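To start, the structure under review is shown below, and the notes come after it.
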């Protein structure tokens, strides 16, 4: 877990540089070679009797993930029509959770989750990378990158026409991108230092960072990484833990699809608030049920002689916790980061936000087992407190970006607007 997150941090830093210099299509394409290399190392590690190959493979796949999680949301944000930008951003998360579910199913002990077949499971990563190598060459570069960054108006129009269809009138959308291009002509590439020192960049950067932390410090990876241990702690029999983990994956996919259908109607801000609030309540409920189980207490309205009923009831807040996560915090932090910045600042901002995300991932992956060993069933109280803090921040500081183009969003943070003061725009 930890070595993959370290690779993710490095990949995130590389993503911004690659996007700024080479665009979005090429990094997405060539990044697949790192996935193939990682798949080969992990797949042959058992045959070679080398745990070092497994660790290096996990590190490289972390780099691959860091680059992908930086580049893909930017690409989806930039190619999407304004009214469907949230849908496109959530589609990226749908791909992630669908892949997670597939790996959970294949990892069952009667499929590939055996002492002999697990290398094959890890090697399957390379199959999807080969598929992307075959498909991505047929995708266009981001029209916004071509026009705003490269000043290639004809190529940008051609890419936009490819994306929208031959009968689409691209004039209005081209004009919007042109206005961003004109506004940014006198701007040099935004540096990481400027993101922290320039007021109208620092404010959205703080929002992006806190949004990423709200995802990773919510406790979701305590569920994803340590689901088996969590279910065992709740008293669920060992033979059912694999199926309950798959159940978590199914809820993951279903609620991402629900979020997909709601994102452009309810908006980013309200869904994020609902997600954080629901997770906070579920964390508290989970603490109560875990401690009831540990005390062998049986609820007065349930007539039983053991804690087994409470063990299975513990599944309810866990599944709801995952459901609320995918309502908002699962996908929104990634693509709202890309929405908050113009073309010159976006790559650097996405790199910083991605680095923070993976740092949070690393922290939870490393710290949760130790904290859980010390305080057991009370661990999720920590996450409940953090979720409450993130809810308050989102309510007061995060703007609604639904239906706004990039120029309108970045204008919220300009000095002539007095800076951004609240979360209801």
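Placement of Cβ uses the backbone N, Cα and C atoms for every residue, glycine included.
Positions annotated as domain 'Major facilitator superfamily (MFS) profile' by TrEMBL: 1-402.
Taken from TrEMBL, the feature transmembrane segment covers 29-49 (among others).
Here the transmembrane segment (55-76) has Cβ contacts under 8 Å with residues 3-16, 18-19, 24-25, 27-28, 31-32, 34-35, 37-42, 45, 88-89, 91-92, 122, 125, 142, 334-335, 337-338, 346-347, 350-351, 354, 357-358 of the same chain, all six or more residues outside its ends. Residues or ranges marked as transmembrane segment in TrEMBL: 55-76 (among others).
Here TrEMBL flags 88-111 (among others) as transmembrane segment.
Residues 25, 28-29, 32-33, 35-36, 38-40, 42-47, 54, 57, 61, 99, 103, 106-107, 111 of the same chain, all 6+ positions outside the transmembrane segment (117-139), place their C-beta atoms under 8 angstroms from a C-beta of that stretch. What TrEMBL lists as transmembrane segment is 117-139 (among others).
Residues annotated as transmembrane segment in TrEMBL: 205-228 (among others).
Positions annotated as transmembrane segment by TrEMBL: 240-263 (among others).
Positions annotated as transmembrane segment by TrEMBL: 270-290 (among others).
Residues of the same chain lying 6 or more positions beyond the ends of the transmembrane segment (310-336) and with a Cβ under 8 Å from any Cβ of it are 69, 73, 76-77, 85-86, 88-90, 92-93, 97, 207-208, 211-212, 214-215, 218-220, 223, 230-231, 234-236, 244, 247-248, 251-252, 254-256, 258-259, 262-263, 268, 271-279, 282-283, 285-286, 289-290, 292-293, 297-299, 353, 357, 398, 401. Per TrEMBL, the feature transmembrane segment maps to 310-336 (among others).
Marked as transmembrane segment by TrEMBL: 348-369 (among others).
Marked as transmembrane segment by TrEMBL: 375-396 (among others).
Of the candidate ranges 29-49, 240-263, 270-290, 348-369, 375-396, 348-369 has the most C-beta pairs within less than 8 angstroms of the transmembrane segment (205-228).
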